[in-house]
Amino acid sequence: MRRVTKLAAAVTATAALALTATACGESSTESGGKKNKGVGLAFDVGGRDDHSFNEAAARGTDKAEKELGVKTKEMTAGNNETEETREQRLTSLAKAGYNPVIGVGFNYGKSVNKVAKEFPDTTFGVVDEQSHAKNVVGMTFAENEASYLVGVAAAKKTKTNKVSFIGGVDNALIQKFEAGYVKGVKDTNPKIKVEVDYLYKESDKGFNDPARAKNMAKGMLARGNDVIYTAAGQSGAGSIEQISKKKGAWAIGVDSDQYRQKGLEKYKDAILTSSVKNVDVAVYELIKSVKDGKPLKGNQTFSLKEKGVSVATSGGFIDDIKGDIDKATEKIVSGEIKVPTRP
Amino acid sequence: MSRLKDKFSAQAVLQALAAPALALLTAFVLSSAVIAATGKDPFHAFYVMIDFGSKSDSQVWIINKAIPYYLSAAAVAIGFRMNLFNIGVDGQYRVAAFFAAVVGGALALPGVLQIGVIIVVAMAVGALWAGIAGVLKTTRGVSEVITTIMLNSIAGSLIGYFLSEDKLAVKDGNLFHTPTIPEAARFFLIPTSPDPIYGTVVIAAVIGLAYWFVLGRTRFGFDLRAVGRSESAASASGVSVRRMVVTSMVLSGAVAGLVGMPTLLNKSFSYGTDFPTGVGFTGIAIALLGRNHPIGMALAALLWGFLERTGIQLEFEGYAQEIVGVMQGIIVLCVVIAYEIVRRTVLRRQQSAVGAELSAQGTPGAPAGPDAAEAQDGKSAQSTQSKKAGTTA
């Protein structure tokens with residue numbers, strides 16, 4: 001019994017020691033520099049070269065480096081990471097004196113809004129999420145509108161009357177893509193069947209798993225679908241590769257103009273069009289505003305009207321249906337067509 | 001008393017320290033080589049890690065991060081001690097945390113009571129989920145490795161199904177999460193500066209003590225370890241192996257159910273699409289690293305937290321982001337290998353000592369003397385152990 005008490009005492013003592021040790025000492029935020037070092041950019045999973053969404057943001061900072069002469073510090077999220085890790089990444093950037101600090105992707109929604117409160121003099125930006133703090137700029141896009149337009153293109157181009165949609169993760173953001181696309185297809189030709197599937201129900205791996213997207217596309221093609229729209233970040237490269245192997249099948253890209261992506265060059269003849277989300281414009285505008293000393297504030301929405309989203313025409317594959325696309329664009333801008341945000 | 005003396009004799013201490021020292025040294029050398037191979041200065045990397053990792057906010061971050069890791073490792077270790085490989089901790093804690101969050105968000109009981117209900121629900125759901133694998137193993141003979149890994153996938157789909165707006169979740173921006181747990185039913189925080197330590201560290205400490213006591217100091221724990229060493233021997237001495245399998249899976253699952261509690265009760269207060277995943281797999285590495293020992297696993301969990309904390313800083317300093325993952329892998333491999341090497345060396349020395357004694361007695365070939373029998377016993381016990389390490393690695 002005595003041994004037990006001794007052990008308990010030892011454990012308590014160690015715990016107490018550990019706690020007191022925690023309470024003292026310099027914190028890492030106290031020892032950071034203050035001078036503005038440029039732009040801090042935190043990518044979502046997939047990183048700078050995802051040919052899609054992160055890469056669009058990177059184009060914005062690249063442009064800012066060239067035209068505004070600012071420096072950029074880039075960091076990338078890992079799979080399965082938690083809130084604590086995202087908070088730390090943003091804190092590291094802000095503490096080191098980067099301004100603005102931009103989180104790419106809605107995963108940073110909570111952490112950006114939280115960390116921003118500790119750095120009131122720094123402007124924070126978050127792509128795809130709302131701002132809940134004074135010094136946070138929330139940059140959101142009307143993905144459903146661009147998706148509607150590529151839906152029109154898909155409906156016009158299909159020969160089998162079967163088209164499909166692959167989403168990376170079944171969350172509210174990707175559902176926006178799905179809703180717009182399905183509506184665009186159905187409005188154009190109600191007889192067309194749309195097959196919808198998601199890579200993952202709840203894991204962010206969906207934006208970082210090209211192999212799974214490749215398999216899913218294979219199945220869809222085998223079932224006779226001949227136009228596939230993939231909204232899944234880096235995973236999209238997998239389905240585009242698979243689709244390019246089948247003659248007469250079309251892939252629709254997402255976020256960036258994927259026809260022009262270096263990494264996808266081999267498959268570009270299969271890329272019908274892309275629903276482009278001008279993250280680069282949004283990011284550039286934010287950096288410029290900080291540089292000019294008049295930082296943006298609050299929520300900024302980028303829709304078809306502001307050319308925040310658009311449809312890519314590279315390759316000329318949709319030139320023949322340009323009239324239909326333009327007509328749909330007008331109707332959306334004028335408000336005649338209301339594109340739903342959820343399926 | 002003599003046992004205690006044996007335990008602390010110079011040679012025993014040396015043996016106990018040899019393996020971790022060897023492992024750490026090798027891991028250090030290999031990690032340095034990897035960093036150097038990427039064209040960066042490894043010593044600066046270690047300096048950054050130690051400097052940044054010892055800051056006060058880093059310490060708090062590391063402790064908070066280590067709590068779920070420790071719980072997860074304890075859940076895995078309960079299985080390991082019985083030669084059961086519960087890969088399903090990941091699914092168990094997520095299902096458990098999800099339903100605990102649903103219950104917690106729906107109730108409005110007095111604070112302490114509601115915390116109790118949430119924790120009990122989590123443990124029960126975790127136990128139930130793991131119990132499925134236990135029952136399948138005893139009734140149908142299905143390997144728990146297969147069932148638990150499949151149950152992980154089922155857990156993910158189950159949560160995905162219920163985590164939508166028309167079912168059990170609410171929409172918040174781009175996220176879906178369960179209704180938020182009322183403020184009264186949140187776990188306390190230990191106020192340290194600049195950030196507080198999660199009060200759920202107490203749960204981890206209690207589980208650590210319980211693990212040590214139940215497995216090391218009770219009849220049940222003895223039976224459990226006996227089954228782990230040799231099923232046939234255990235059942236010959238009257239232990240019901242089937243019951244032990246189900247019981248230990250249930251226990252492992254119940255502890256796994258707690259893994260999500262630090263996040264749920266101290267941080268997120270709801271289960272959402274952004275709830276941490278993969279902690280169950282981290283637990284396997286930490287249990288291996290901590291040698292299933294309650295204190296060893298605590299140190300391993302803290303080490304993991306330290307590596308993750310400093311990894312971000314390393315990326316900030318221009319090192320490859322993957323370095324920390326590589327280091328973690330190297331450390332686990334080094335520990336497993338180092339213990340095996342030390343074990344074999346010790347065994348060989350014992351054998352030659354016994355051999356020398358025997359030849360001194362001048363009775364070659366005669367299997368006489370208690371020493372010889374003991375050495376044989378020791379050898380067979382060791383070889384079961386190595387077999388076990390083989391299956392678990």
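Heads up, the Cβ atoms here are built off N, Cα and C, so glycines get one too.
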Among B:224-244, B:245-265, TrEMBL marks as transmembrane the stretch B:245-265
Within the same chain, the residues 6 or more beyond the ends of the transmembrane segment (B:145-163) and with Cβ under 8 Å of it are 85-88, 90-92, 94-95, 98, 102, 129-130, 132-133, 136-137, 169, 176-178, 271-273, 280
Outside the transmembrane segment (B:323-342), at least 6 residues beyond either end, the same-chain residues with a Cβ under 8 Å of its Cβ set are 15, 18-20, 22-24, 26-27, 30-31, 34-35, 38, 45, 285, 288-289, 291, 303-304, 307-308, 310-311, 314, 386, 389, 393
Given B:92-109, B:115-136, B:245-265, the one sharing the most C-beta pairs under 8 Å with the transmembrane segment (B:60-80) is B:245-265
Checking B:115-136, B:197-215, B:245-265 against the transmembrane segment (B:92-109) for Cβ pairs under 8 Å, the most are found for B:115-136
